[in-house]
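Structure first, commentary second.
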Amino acid sequence: MQQATAPKISFVSLGCPKALVDSERIITRLRAEGYELARKHDGADLVIVNTCGFLDSAKQESLAAIGEAMATNGKVIVTGCMGAEPEQIEAAYPGVLSITGPQQYESVLDAVHRARPALHNPHLDLVPPQGVRLTPRHYAYLKISEGCNNRCSFCIIPKLRGDLVSRPAGDVLREAEKLVAAGVKELLVISQDTSAYGVDVKYAESPWKDRAVRAKFLDLASELGELGAWVRLHYVYPYPHVDEVIGLMADGKVLPYLDIPFQHASPDVLKLMKRPAAQDKTLDRIKRWREQCPDLALRSTFIVGFPGETERDFEFLLEWLDEAEIDRLGAFKYEPVAGAPSNALPDQIADEVKQERWNRLMARQQAISARRLKRKVGTRQQVIIDEIGPTVTKGRSKADAPEIDGAVYLSSRRPLRVGEIVTAKIDRADAYDLHGTVAGF
């Protein structure tokens, strides 16, 4: 006999956009089975916590979230990257109902079913064709693969999520098409290593509409560019074939934006990280990219205070940044990660040195960012609207990804809508953001 009311699930999603997509997939299945989402733990039938386990600080955040769920509800299912090594969770919270690792969707659903059976059997017409999304309606993350074949010395992602497993290109494109049909204006392409897409399946073809499409970075990006939405490429490893997509950007098929986590510039540090070390060639490539696509925006992340990083190495990084002129930069102070080979490296860096170098790096980047944004004053930029304010509206240019990059603050004579793409005249710039007025629709 069916239960009278729909079971309610409270959901916490921590970590990176890849984990957010995992959460969306779990929630889509739960909604298809008649479960409802609760806004608060208190009063929900269950709480699911999708954890992050990449850094110690992320593990502490995950444990705190589990603790809050246990205190306010008591019925907690844990999944995600930290769940791949459950001992710490079990020691802190032995009463959790279930612990699973990342991408183990069926195990999570089984745990939910055991604790609170579904209201009815799943019928996919109970959820929208594009599935349930945790992002605003006008943009969505599109995950094209799982896992990673690289073995960076500071990273345990392959241990947590396994080796590269690429989705068929046809499946990715069908998901993207549904998202665009549902009103998504911006597709953020993500994976652990986006530019390695298809390597594991030898670029196998799969059917898409009336043709076959290869599971290859360039081919997929080109097809996504035909769907009529902004296409933004994230987590791109700097392989030589990345050069090929710059033409798509110059032609306006995908956004002139590349998110490439270089991590450092010193060849010695990069070798210790087990990352590509030819940074002089990288500077040449960046120069060629910008010659081919002058509007190209580069985002990157860097680690300071890596074991063995000398003052000379750090100065090399600062000088490299001056030449590369990275538009958007995220910086992290090195943290040991349990199970990472870098833990065994000699010459660990003191915390106060890490902090001092981080401060200097961010100050240098602030000046670079301000200089590059100032060049946009007087230009016209397309802006996608994210938030409507009483007097000023917040949006993003093609050079800005949501949450991690800068913003464009606009005044407009007529009301604007979230998700609308407008043309803005840029009036002024500060260190990280642009300010302007709407000049066209």
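Here the Cβ of each residue, glycine as well, is placed from N, Cα and C on the backbone.
Swiss-Prot has this to say about the protein:
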BINDING   C16, C52, C81  [4Fe-4S] cluster 1 binding site
BINDING   C148, C152, C155  [4Fe-4S] cluster 2 binding site
DOMAIN    7-117  domain 'MTTase N-terminal'
DOMAIN    134-371  domain 'Radical SAM core'
DOMAIN    374-440  domain 'TRAM'
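Report note: the [4Fe-4S] cluster 1 site is defined by C16, C52, C81, and the residues of the same chain whose CB lies within 8 Å of the CB centroid of those residues, excluding them, are L14, G15, K18, A19, T51, G53, F54, A58, G80, M82, P102. Looking at the domain 'MTTase N-terminal' (7-117) alone, the prediction's average pLDDT is 91. Sequence-distant contacts of C152 ([4Fe-4S] cluster 2 binding site), defined by Cβ-Cβ distance under 8 angstroms and a gap of at least six in the same chain, are Q263, M273, K274, R275.
Across the structure, C155 ([4Fe-4S] cluster 2 binding site) and C52 ([4Fe-4S] cluster 1 binding site) are spaced 13 Å apart at their Cα atoms. Residue with the densest Cβ environment among the binding-site residues C16, C81, C148, C155: C81, by other Cβ atoms within 10 Å.
C81 ([4Fe-4S] cluster 1 binding site) sits 14 Å from C148 ([4Fe-4S] cluster 2 binding site), taking the CA atoms of both as reference points. Applying DSSP to the domain 'MTTase N-terminal' (7-117) sorts its residues as follows: 54 helix, 22 strand, 35 coil.
In the three-state DSSP classification, C152 ([4Fe-4S] cluster 2 binding site) falls within coil.
Within the same chain, residues at least six positions away from C52 ([4Fe-4S] cluster 1 binding site) with a Cβ under 8 Å of its Cβ are L14, G15, C16, A19, A58, K59, E61, S62, G80, C81, M82.
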